[in-house]
Amino acid sequence: MASSKFFLLTALVALVASQSMASDPSPLQDFCVANKDSLVHVNGFPCKDAKDVNVDDFFIAANFDKPMDTTKSKAGSNVTLINVMKLAGLNTLGISMARIDYAPKGQNPPHTHPRATEILTVLEGSLYVGFVTSNQENKLFSKTLNKGDVFVFPQGLIHFQYNPSYDKPAVAMAALSSQNPGAITIANAVFGSNPPISDDVLTKAFQVDKNAVDWLQAQFWENNHN
């Protein structure tokens with residue numbers, strides 16, 4: 001009886017631990033400014049010594065008030081992300097943010113954030129946005145947003161934003177529930193992987209012929225994230 005109780009307790013502790021390790025580490029002190037020079041490898045970054053922390057560890061001149069260049073992206077967008085790699089004070093705080101600029105008819109193409117939920121607000125223009133639920137239903141939730149509107153994209157789900165205007169740019173601001181949310185752009189990952197995914201896999205998965213797959217893989221799959 002005692003051994004079975006011990007086994008149950010061990011399993012419960014393991015379950016709780018696995019859930020806690022599956023998300024950003026929670027702060028156990030006021031702050032834990034990232035020490036990016038440390039040789040210690042942890043989930044996130046080790047803390048800088050508190051006596052060496054200064055106000056600039058919590059500050060970045062991001063120029064979020066200025067339009068970003070959308071001309072270099074075939075998608076017609078520019079995602080300027082502020083995460084722990086750019087702002088060390090975000091370490092363990094479980095949050096980051098981004099400014100997203102969209103050219104007329106530009107888009108932030110279908111992608112996922114493996115480690116974060118995203119909440120987005122439109123600052124200028126209008127956006128057609130949406131996300132798709134997981135298998136088996138693959139249901140699309142979509143809506144046209146106008147200036148001041150807010151929309152949530154659940155963690156890990158494929159989502160997108162598109163500027164339907166022919167002549168007006170759009171701007172949005174997003175907050176993400178991770179210091180390092182990550183981004184997987186679906187087309188880039190599938191057709192621009194290095195090394196390439198086998199034609200045999202992609203022709204079967206997309207029900208197209210090899211010529212179509214080869215053409216897609218030959219495109220230049222650039223990253224619109226900065």
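Placed from the backbone N, Cα and C atoms, the Cβ positions cover glycine too.
Automatic, uncurated: that is what TrEMBL annotation is.
Residues or ranges marked as signal peptide by TrEMBL: 1-22. Under the heading disulfide bond, TrEMBL lists C32-C47. Per TrEMBL, the feature domain 'Cupin type-1' maps to 62-214. What TrEMBL records for N108, H113, E118 is oxalate binding site. Marked as Mn(2+) binding site by TrEMBL: H111, H113, E118, H159.
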Residue among disulfide-bonded residues C32, C47 with least C-beta crowding, 10 angstrom cut-off: C47
C32 (disulfide bond) versus N108 (oxalate binding site) - Cα distance in angstrom: 32
Candidates H111, H113, E118, H159, namely the binding-site residues, that fall within 10 Å of C32 (disulfide bond) by Cα distance: none
Cβ-based neighbourhood (8 Å from the centroid) of the oxalate site, residues N108, H113, E118 excluded: A98, H111, T112, A116, L120, F153, H159, A174, L176, P181, A183
Cα-Cα distance linking H113 (oxalate binding site) and H159 (Mn(2+) binding site), given in Å to the nearest integer: 9
C47 (disulfide bond) and H113 (oxalate binding site), distance between Cα atoms, whole Å: 25
Spatial neighbours, same chain, of H111 (Mn(2+) binding site) - Cβ under 8 Å, 6+ residues apart: I158, H159, F160, A183, I184, T185, I186
8 Å Cβ shell about H111, H113, E118, H159 centroid, Mn(2+) site members excluded: T112, A116, F131, F153, L157, I158, P181, A183
Integer Å distance between the CA atoms belonging to E118 (oxalate binding site) and C47 (disulfide bond): 26
Spatial neighbours, same chain, of E118 (oxalate binding site) - Cβ under 8 Å, 6+ residues apart: V152, F153, H159, A174, A175, L176, S177, P181
